[in-house]
Each structure stands twice: as structure tokens, then as C-alpha cells.
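Database features, via TrEMBL:
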- A:1-26: signal peptide (SIGNAL)
- A:77-462: domain 'Cation/H+ exchanger transmembrane' (DOMAIN)
- A:96-117: transmembrane segment (TRANSMEM)
- A:129-146: transmembrane segment (TRANSMEM)
- A:158-181: transmembrane segment (TRANSMEM)
- A:193-215: transmembrane segment (TRANSMEM)
- A:227-249: transmembrane segment (TRANSMEM)
- A:270-291: transmembrane segment (TRANSMEM)
- A:311-333: transmembrane segment (TRANSMEM)
- A:340-361: transmembrane segment (TRANSMEM)
- A:367-393: transmembrane segment (TRANSMEM)
- A:414-432: transmembrane segment (TRANSMEM)
- A:438-461: transmembrane segment (TRANSMEM)
- A:553-659: domain 'Sodium/hydrogen exchanger regulatory region' (DOMAIN)
- A:651-674: region 'Disordered' (REGION)
- A:700-783: region 'Disordered' (REGION)
- A:718-733: compositional bias 'Basic and acidic residues' (COMPBIAS)
- A:743-755: compositional bias 'Acidic residues' (COMPBIAS)
- A:756-765: compositional bias 'Low complexity' (COMPBIAS)
- A:769-783: compositional bias 'Basic residues' (COMPBIAS)
Amino acid sequence: MGLRRLVLFSPGNWWLLLVALKCSEASPDLNESTNSSAQQEPNAWFAAASSEADEKIPVFALDYDYVQIPYEVTLWILLASLAKIGFHLYHRLPGLMPESCLLIIVGALVGAIIFGTDHKSPPVMDSSIYFLYLLPPIVLEGGYFMPTRPFFENIGSILWWAGLGALINAFGIGLSLYLICQIKAFGLSDVNLLQNLLFGSLISAVDPVAVLAVFEEAHVNEPLYMMIFGEALLNDGISVVLYNILIAFTKMHKFEDIEPVDILAGCARFIIVGVGGVFFGVIFGFISAFITRFTQNISAIEPLIVFMFSYLSYLAAETLYLSGILAITACAVTMKKYYFMKMLSSVSETLIFIFMGVSTIGKNHEWNWAFICFTLVFCQIWRAISVFALFYVSNQFRTFPFSIKDQCIIFYSGVRGAGSFSLAFLLPLSLFPRKKMFVTATLVVIYFTVFIQGITIGPLVRYLDVKKTNKKESINEELHIRLMDHLKAGIEDVCGQWSHYQVRDKFKKFDHRYLRKILIRKNQPKSSIVSLYKKLEMKQAIEMVETGILSSTAFSVPQQAQRIHGTKRLSPEDVESMRDILTHNMYQVRQRTLSYNKYNLRPQTSEKQAKEILIRRQNTLRESMRKGHSLPWGKPAGTKNIRYLSFPYGHPQPARRDPRAAGFTGNDSSDSELPSIMFKAHSRTGTLQERRLTHEIIPMKSLPSGGKPCHVRYPRHTSQEEHVGPGRREALRPKPLFHAVDEEFESGEESEEESSASGSRWSAEPRPSRQHHRSHSPLLQRK
Amino acid sequence: MGNRLLDSSSGGAQCGLGGERRRMMEPGGWGRGRRMSPASRWWLPSSGVTDVFLSLSPPPFLPLPCFSVSSDQIEQLHRRFKQLSGDQPTIRKENFNNVPDLELNPIRSKIVRAFFDNRNLRKGSSGLADEINFEDFLTIMSYFRPIDTTMDEEQVQLCRKEKLRFLFHMYDSDSDGRITLEEYRNVVEELLSGNPHIEKESARSIADGAMMEAASVCVGQMEPDQVYEGITFDDFLKIWQGIDIETKMHVRFLNMETIALCH
């Protein structure tokens with residue numbers, strides 16, 4: 001299914017690519033003075049410039065070599081992006097296979113073309129390019145998207161598992177392969193122990209991002225999710241450190257024997273490199289957070305500063321031979337607390353995956369059955385060993401141990417990815433005569449894990465019925481959990497105990513009193529929660545509203561109709577306060593649900609578009625308010641706070657209404673009825689499943705006073721059947737409400753996750769069902 | 001993170017805590033020297049504590065929750081109790097003012113109140129006790145025990161229900177068995193009171209939204225003339241369905257080697 005989609009959009013793109021390739025072949029002929037060997041030279045793009053040209057000035061010249069690398073890289077990325085679009089057009093496909101599969105397939109296709117045309121792929125991958133440019137953004141993103149709270153709640157287990165697990169895997173695989181290499185029959189006797197260890201270290205770098213996506217969709221329990229996340233976050237760093245140290249050993253081994261002292265030094269170095277990297281990261285994180293305090297007027301520069309500081313921490317750490325990866329991770333984590341931004345880092349990963357595909361097809365392989373099969377087997381065995389052993393230990397210390405099922409899932413989620421491949425590809429040929437075999441084995445492992453495990457882990461998670469998380473993303477839950485947090489901290493205070501929750505509390509207080517004052521600029525509008533993720537929450541609110549619109553289109557058509565015929569003018573205050581309330585509400589709900597997904601960045605909505613969406617939403621709300629003739633209150637309640645969704649009318653706001661919204665407000669009709677708001681919060685987490693839709697009906701006006709405490713009356717609202725209200729207001733709402741679900745809207749539901757643009761599209765379309773706008777919701781009846 | 005690790009390190013950490021702990025270290029205070037104060041002997045697990053306990057606090061409407069504590073913990077708690085009460089047999093509300101850390105807790109009053117709530121103490125269906133003794137204190141603490149993984153499904157459910165009931169009582173301040181909108185709003189306002197910049201209005205609207213949501217979850221489709229008067233305990237259970245309170249509502253330190261007292 002997906003392939004068909006792929007084909008739909010691909011030809012144009014491939015045509016471009018083919019043109020490019022043709023050109024590159026043609027260029028030596030056209031440009032006589034170019035060295036014929038230019039294609040073989042890595043710096044081919046300088047060749048044309050440096051060569052002696054003809055005296056005549058050519059009227060038309062083609063100098064493809066000059067632009068070859070950026071040109072082809074750009075084409076790759078474009079191709080991958082288009083492939084991703086196609087991948088998500090068919091909305092069930094992402095649920096079936098991870099996106100890395102797609103990238104690899106595309107890469108393989110490109111590789112096939114390159115191979116077929118005998119073209120040489122540009123030297124994108126080389127040690128310095130990878131470590132200096134491609135790797136940092138990938139790691140940085142992981143740090144930014146880390147859900148801080150659950151991470152630190154499970155930090156002991158995470159460090160234990162991610163740290164020791166990587167080591168056990170690396171050494172386990174390396175040593176077992178070394179034993180295999182001793183068997184003469186396999187023809188591997190020239191592979192020595194160090195090389196095996198090195199291979200073990202690079203093959204043990206798991207990249208479970210695809211698994212995380214699956215987990216998120218299946219809502220597995222939080223500790224399990226955090227284990228895999230922590231592994232994704234830390235594993236890269238550990239493997240790379242190990243890799244570099246082993247490379248150093250190998251170089252050394254070439255000239256002299258390794259003494260025990262060296263091994264000890266290596267271990268010490270491993271620790272210093274790691275700790276030093278983290279230290280650097282934290283320092284730079286704080287500096288950067290401090291600097292962003294002063295950037296309020298030039299906020300455009302903030303992302304730059306944040307990125308540059310992270311990068312600087314990486315480079316600085318690398319200068320001192322510390323782990324830049326751990327530095328940048330720590331830096332991102334530190335800053336995240338004070339500043340939030342989204343990183344567009346998928347580019348480098350896309351590149352690596354594509355390059356992986358490209359290099360799959362070619363002649364640079366050495367297929368050794370024994371080595372490859374045993375690698376595959378040992379990868380699984382050692383992962384199993386490390387999982388069960390390490391979790392057996394750490395379970396002794398956990399209040400709620402990981403079940404066997406959880407451990408099975410963790411075992412199965414050992415998907416290798418871009419990291420392993422890059423490290424294998426970057427092995428220096430001089431030290432590793434059998435590099436080709438290593439690369440081939442790595443590729444096989446990656447392909448096996450990405451395709452087989454990556455595709456089957458979703459069904460497995462469902463089959464094993466892993467304990468689900470309870471992320472229903474409801475306001476109630478959020479409130480209850482918060483209450484419980486405070487309660488627990490309070491109880492501990494009462495008991496005079498100093499433990500987990502209190503540590504957190506104390507840090508919060510410290511954070512609040514000192515760090516924040518230093519690091520966050522003073523005049524940020526609201527303190528603590530709200531100010532931190534202001535931008536984020538705005539975006540999320542918009543997202544929610546957007547999806548709310550989408551789901552409402554899909555769910556109950558009359559709202560659509562009503563929206564179009566929005567009649568009542570919106571007062572700017574209402575818009576503003578609704579927006580406020582939305583953001584507050586959304587923030588409360590979604591604070592912890594920052595989802596981490598390397599491949600899918602959330603759609604960015606421009607401010608303007610956002611406003612438009614919000615205002616349209618207002619129209620819907622207002623419209624349904626207008627339709628709510630009757631109060632959904634059972635008994636009149638008596639106090640001033642009955643203004644249910646209380647808008648601060650006292651604050652005049654600048655008019656921020658969209659002209660389009662004004663256009664909607666033409667035909668006023670009965671405004672005098674008591675309004676209520678249909679408020680629909682639909683959570684969107686990028687998954688395919690429909691989430692629970694919550695409808696909320698919020699009456700807006702004060703009620704006639706009475707003595708009773710307030711009671712809320714929640715009329716039905718999801719009924720699909722016709723309903724004729726028996727009340728005295730029947731005349732005002734004569735029509736059945738939910739009778740016109742046309743297919744168009746149902747298809748709207750399908751396209752829910754596709755793009756943000758469709759959100760406005762649906763709402764912008766004038767519905768033909770004009771007659772509905774007179775219909776009244778049975779929800780709003782009362783006796 | 002392992003609780004044992006925590007426990008072993010907590011001693012050192014506590015010393016830096018300041019006032020409270022220092023008081024405990026004073027000679028004649030509640031240091032470790034006084035291991036067996038007479039008042040703390042009755043609970044020792046040697047002599048049918050279960051019966052004692054049950055008879056001391058007869059469950060008015062529900063059986064005791066799963067309750068297992070080690071003697072160490074009880075001793076510890078007893079020391080703390082004495083410290084809070086100022087060496088008196090009972091604690092009054094004012095005694096909680098002595099807990100400095102509690103001051104910053106936004107729901108401080110609710111927490112303190114929960115200690116004196118007759119419903120939580122199993123002494124009645126409403127009202128507040130003036131003072132609580134150590135048994136009562138333990139009863140309250142027992143709500144915060146982690147659920148034992150060895151328990152069977154039924155016991156887990158029972159535990160869960162007990163814990164939720166405690167929470168429910170925190171919301172339901174007038175003991176009418178419902179969380180009304182007013183009560184809900186109060187709680188939310190208190191929760192958000194730590195942040196002076198959040199207006200009451202928004203706190204209210206959050207509570208309102210939550211209430212709506214609760215209604216839609218609990219009642220689903222309502223008849224047009226139906227009135228949702230508040231969240232009953234059953235509704236509360238419904239809202240909590242699927243949320244594993246077992247892993248959330250517990251205080252870690254109560255979770256050392258335990259002796260089951262009422263299985």
C-alpha cells in the first residue's frame with residue numbers, strides 16, 4: 001500500500017535525481033579541462049576551479065562537480081522528505097513499520113540507481129563529518145525531548161541498565177565473537193581480540209527510537225518507556241566513548257603490546273571521559289540559560305544561542321577528549337529546564353539512514369556466513385543476558401519491579417540504527433583489514449532488527465498485553481495526580497522522612513528560589529509553570545484546537561454548520577480569555593505528555609494560522625453557545641461564581657480578531673439565550689488511534705440566584721439519534737441535530753494526523769448544509 | 001532507585017535537615033537511645049497485634065486496608081509522633097504547624113485535615129476529630145503503604161479502594177459523599193495557589209472543565225433533565241480506572257522489610 005503511494009510522488013523526484021546523475025557523468029566531457037579523475041577525488045568540487053581553463057569564456061558551461069556534494073545531499077534529503085510525506089499519507093502505514101524502514105528502503109533505491117549508473121556517491125560519511133556535524137543534532141534532540149520528571153524518578157534503574165547494559169553487551173558480543181574467530185574453519189583467524197571488542201562496542205549501540213514510537217502508541221507503562229528512552233539517550237554516548245577508547249587501543253597495539261596498566265588507564269579514562277562530558281554539558285547549559293535571559297527583545301536569536309551553546313559544549317568537550325555526546329546531552333537536559341525549543345535534527349539521521357541504504361548496494365561487502373550469523377545470534381543472546389541479569393538486580397531495589405513481560409519487551413527492543421552503522425563505516429581501514437566484513441555484519445544486524453523486530457514489536461506489545469500506562473490525558477487525572485504528589489510530599493514531611501519526593505521538592509524550591517531568578521528573565525509574564533513552556537503550550541493549545549476542529553468535523557456535523565453561520569460577534573476579551581483558558585488547560589493536561597519522536601516533529605503552525613484557527617474555533621464555541629437556549633443547570637445556583645467559564649470581562653484586550661472571523665458574524669439572530677460552550681478537547685499525540693473525545697459544555701452566563709449549591713447539569717451531547725426535546729423551549733430548537741454526517745466529514749477524520757493545514761481547510765470550507773444552523777442541540781435542553 | 005539505597009543514605013541526609021533532626025538528637029529528646037518507650041510496646045507484633053489493632057479501631061464501614069508495617073517503622077513513626085505532639089499522647093491540629101516543610105505545601109490544610117477526618121480514622125462518617133493518638137496516626141499512615149506484589153487480585157482491589165477513598169475524602173470536605181463543583185474548585189485553587197500569577201478565574205475554569213469531563217466519563221449520555229450533582233465515590237473510582245494508583249500513592253520509606261499484619 002505504502003509503496004504504491006511512494007510511487008505516486010516519486011517519479012518526479014527521481015527524474016531530478018537522474019538528471020543530476022546524467023549531468024555529473026556528462027560534465028567531464030563538457031568540461032575538457034577538468035581532470036578526468038575528478039570523480040575519484042573526494043574534493044572534486046574544487047577541481048574545476050583549480051584547473052587551468054580555456055582562454056575563451058564559454059557562453060554556456062556546466063560545472064556539476066562544483067556543486068555535486070551539496071546538490072546530491074539536498075536531493076537525498078528532499079527525496080527522503082517526500083518519501084516521508086508519502087509514508088504518512090496512508091495513515092495506517094506508520095503503525096505497521098517504523099519510519100527508519102522507509103528511509104532505508106529509499107536509501108537502497110537511491111543506492112541502486114547510483115550503482116546502476118556507476119556513479120560514485122558523494123563522500124558524506126567521513127569520520128570528522130559524522131562526529132562534528134551529523135551526530136550532535138541527533139543527540140541534542142534526545143536531550144531536549146526528555147521527559148524530565150519520569151526520567152529522574154527512574155534514574156537509578158536507567159543508569160544501571162543503560163550504562164552497564166551497554167558494557168555487558170559490548171564485551172559479551174566482542175568476546176564471544178573472538179571465540180568464534182578462533183575456529184579455523186571459518187577463516188576468521190586474522191581478526192584479533194581488540195577488533196572483536198571494537199565491533200562489539202559498535203554493534204551494541206542500540207537505537208530504539210522506532211520502538212519508542214511504538215510504545216507511545218501502545219501506551220506502555222511509564223517505567224518501561226523510560227527504560228527504553230534512557231537507553232536511547234545514553235547508549236550512544238557510552239558506545240562512542242568505548243569505541244574511541246578501543247580505537248586508541250588498537251592504534252597502540254599496532255606498535256607495542258598492551259600492558260595491564262594501559263587497560264586500567266583505559267577504564268579510568270572511560271569514567272573521566274563520561275563524567276567530564278556531563279560536567280561540561282551542565283556548565284554550558286547553565287551559561288546558555290543565563291544568556292537567554294537577556295534575549296527577550298531579540299528572541300529570534302534565542303534558538304541560535306541555545307543551539308550554538310549545545311554545540312559549543314560538544315566541541316569543547318571533544319577538544320579535551322571528553323565525551324562530547326554526553327556533554328551535549330547534559331547540556332540539552334539542563335537547558336530544557338529553562339528553555340524549550342524544538343530541534344530539526346532529523347536531517348542528519350535521515351542522511352545517515354539514506355546513506356546506509358546507499359552503501360548497502362555496492363561492491364564493498366564481504367559476506368562471511370559464520371561471522372554474520374554469529375553476530376546476529378550473539379547480539380540477541382547478550383542482550384537477553386544483560387536484560388535479565390541487570391533487571392534481576394535492579395528489581396531488588398525497586399518498589400515496583402519490572403515484570404517478565406516488561407523485560408521481554410526491553411529485550412526485544414534492541415533495535416540497532418544509524419549509530420552502529422556510522423561507527424562501523426568509520427572504522428579505519430588501515431587498522432581493520434576486514435572492515436568490509438564488519439560493515440556487512442553491521443548492516444545485516446541493522447536490517448534484521450529494524451525490519452523484523454521493528455515491525456513486529458508493535459504486535460508483540462499488544463499480544464503480551466504489557467501493562468498500560470494510564471495516560472488518558474484528562475484534566476481530572478492531571479489534577480488528581482498533582483494532588484497526590486503534594487499529598488505524598490506532605491505525608492513525608494509529617495513523618496519527618498527525607499526521601500524521594502522530598503528530594504524533588506527541595507530541588508524545586510531551590511530551583512524556584514535561586515536558579516530561576518538567575519536564569520529566567522524577570523518580566524516573564526507568569527511564574528513557574530506557565531512561563532516555562534509558554535511557547536510550547538501555545539503551540540500545543542493550537543494543536544489541540546486544531547484537532548478539536550478536525551474531530552468535531554468528524555464527530556458531529558451540526559457544529560460545522562453552525563460554525564459557518566457564526567452569528568454572534570466575538571468580543572476580543574472572550575477570544576483572549578478563551579485562549580488563556582485553553583492554554584492553561586492544555587498545559588495542565590499535556591505537561592507530561594511531551595512525546596519524543598525523532599521522526600515526526602509536530603507540525604509547526606504559524607502564528608497567523610494559529611490565530612485564525614483559534615478564532616474560527618471561537619466561532620464554533622460562540623455559535624454553540626448561542627444555540628444553547630437552555631441552561632444546562634438543573635437547579636439554579638446562587639453565588640457569583642456561577643459564571644461558569646468565567647471570563648475576565650474587566651480586562652480590555654486589543655482587538656485581535658481576524659477579518660475572516662468578522663465575516664462570519666454577519667447574521668445575528670437570537671443572542672439573548674443563555675449560551676454554553678461546546679468545548680472539545682481532543683488530544684493529539686501523533687498516533688493513529690482516535691483518542692477519547694471529551695466534550696464539555698460550559699454555560700457562560702450567570703444564573704438567576706438561588707440558595708442551593710451549584711449543581712451542574714450535563715445534558716447528553718453525543719447522541720446520534722434524533723431527539724426532540726419535550727421542554728417548553730421546543731419551538732426554539734425544532735430540528736433534530738445529528739442527522740447529517742456526510743462522508744466528507746468522515747474522511748476528515750482520517751486525515752486527522754496528516755497535516756496541520758488540513759485543520760484550517762476543513763474549517764474554512766463553507767459547508768453546504770446551511771439548513772443545519774437552525775437546528776439545536778438536544779444537549780442543551782432542559783425542562 | 002532502590003529504596004534500600006535511599007534508606008541507608010537517608011540517615012546522613014537527615015542530619016543536614018536542620019531543626020527537626022537536631023531536636024531529635026538532643027539528649028533527652030527522641031534519639032535512638034530510647035528504643036522501647038512504654039507507650040510503644042503495645043503494637044509489637046508478638047502478641048496478636050492484628051486483633052489489638054482491629055479492636056482498637058473497629059472499622060465502621062469497611063475492613064482495614066492491607067496493612068503491614070515493620071516494627072522498625074512503627075518505632076520510627078512513634079518517635080516522630082512524639083516529636084510532633086511535644087511528648088503528649090495526642091496530636092492536635094496546631095502541632096502540625098511545627099513541621100516547617102509542610103508550610104510550603106499548597107494543599108497543606110487539606111493534608112492536615114485528612115489526619116483528623118473521622119472518615120479516614122474510621123470513627124464515623126463525618127466530622128473532624130479534635131485530636132488523634134498514635135493509633136490514628138498509624139491508621140492514616142497505613143493508607144500510604146505500597147501495595148504488596150504478593151497480594152492477590154482481591155486484596156489489591158481492596159487496597160486500591162481504600163487509597164482512593166482517602167483521596168476522595170480529601171476532595172469531599174463536607175462529607176456528603178459527593179465532590180461538588182465548589183469543592184472541586186477549592187481543591188484546584190489550592191493546588192495552584194503556589195503560583196501567585198494564576199488567577200482564580202483560570203483555576204476555576206480548570207475545575208469546571210474537569211467537572212465536565214468527569215460528568216462525561218461517569219455518566220456518559222445524560223438524560224436531558226438529568227443533573228450531575230457531583231462526583232460520587234463510584235464516579236471517582238470510574239475516573240481512576242486504569243490509573244495504577246498502586247504504583248503512585250505510596251510513600252517509599254514505609255516499604256522496608258514488612259511484616260504482614262492483616263492478611
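Placement of Cβ uses the backbone N, Cα and C atoms for every residue, glycine included.
Contact check: the transmembrane segment (A:367-393) against the transmembrane segment (A:96-117) gives fewer than three Cβ pairs closer than 8 Å, residues 6 or more apart, which falls short of the contact criterion. If you look at the transmembrane segment (A:227-249), the same-chain residues 6 or more away from its ends with a CB under 8 A from one of its CBs are 135, 138-139, 142-143, 146-147, 151, 154-155, 157-159, 161-163, 165-167, 170, 194, 197-198, 201-202, 204-209, 211-212, 215, 258, 262, 266, 269-270, 273-274, 277, 323, 325-326, 329, 402, 406, 410, 413, 419-420, 423, 428, 431, 596. When Cβ-Cβ distances below 8 Å are used as the criterion, the transmembrane segment (A:311-333) is approached by residues 131-132, 135-136, 139-144, 146, 148, 233-234, 236-237, 240-241, 272-274, 276-285, 288 of the same chain, each at least six residues removed from its ends.
Residues 237-238, 241-242, 244-245, 305-306, 309-310, 312-313, 316-317, 320-335, 337-339, 518-520 of the same chain lie 6+ residues outside the transmembrane segment (A:270-291) yet bring a C-beta within less than 8 angstroms of a C-beta in it. Between the transmembrane segment (A:96-117) and the transmembrane segment (A:438-461), the number of CB pairs under 8 angstroms, six or more residues apart, is three or more, so the stretches are in contact. In the predicted model, residues of the domain 'Sodium/hydrogen exchanger regulatory region' (A:553-659) average a pLDDT of 40. Same-chain residues lying 6+ beyond the ends of the transmembrane segment (A:414-432) with a Cβ under 8 Å from its Cβ atoms: 98, 100, 125-127, 130, 134-135, 138, 195, 198-199, 201-203, 205-211, 235-236, 239-240, 243, 247, 250-251, 254, 349, 352-353, 356, 359, 379-380, 383, 438-439, 442-443, 445-446, 449-450, 453-454, 457.
Sequence-distant neighbours of the transmembrane segment (A:158-181) (same chain, 6+ residues past either end, Cβ-Cβ under 8 Å): 151, 188-189, 191-193, 196-201, 203-205, 226-227, 230-231, 233-235, 238-239, 242, 370-371, 374-375, 378-379, 381-383, 385-387, 389-391, 393-394, 410.
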